[in-house]
């Protein structure tokens with residue numbers, strides 16, 4: 001496990017209360033460990049972090065996407081707070097290297113488990129909020145999510161809906177998605193999905209089936225636009 005100083009440097013934030021940071025990175029498996037004296041883990045912080053993230057992302061979208069209606073804003077927010085996006089933020093922070101877990105959880109692939117990375121990322125947001133204030137937390141979230149927020153094309157946010165709307169407008173049957181390959185261990189699988197609309201088809205990969213479906217839809221939309 002790497003030192004917390006590196007993580008704080010990536011966040012551009014130094015915790016005043018280091019115990020909050022430790023709690024945010026403590027996996028629930030530690031509660032079953034006889035040598036672990038503290039009963040705190042990241043589950044309660046994750047609950048708070050989820051709410052803080054939704055609030056901040058909603059405010060950012062409301063401010064930056066003035067011409068988008070409620071439905072489109074909801075689609076973008078759904079993309080920005082989904083497991084895949086949160087895990088990509090966690091990956092930028094190399095958060096898997098900092099999660100405190102039992103040896104058994106680590107051997108079982110806990111460091112690459114997307115649920116663990118998502119939960120720890122949300123817990124970290126809550127820890128920053130409790131250690132500072134909503135303004136500081138807002139600035140950190142806006143920085144970490146910047147590359148995802150700046151995407152203006154709704155196709156990139158919700159490619160499956162965009163592909164479905166294209167199919168309906170073109171009088172085609174709705175897109176059909178089929179899982180064609182699964183590789184890797186159960187805790188770190190890569191899925192390949194094939195999407196087909198009429199005579200058009202394209203594949204996409206991802207660490208979750210939904211992510212693979214979105215990537216397949218996005219690839220097919222890009223192909224249709226270039227044909």
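Just so you know, glycine gets a Cβ as well, placed from its N, Cα and C.
Keep in mind the model is a prediction, meaning the values are calculated, not measured.
Over in Swiss-Prot, the protein carries these features:
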ACT_SITE  50  active site
ACT_SITE  122  active site
BINDING   46, 119, 122  Mg(2+) binding site
DOMAIN    4-133  domain 'RNase III'
DOMAIN    158-226  domain 'DRBM'
By Cβ count within 10 Å, point out the most packed of the recorded positions listed: 46, 50, 122. 122
One finds that other Cβ atoms within 10 Å of the Cβ of residue 119 (Mg(2+) binding site) number exactly 26
Residue pair residue 119 (Mg(2+) binding site), residue 50 (active site) - Cα distance, angstrom, rounded: 9
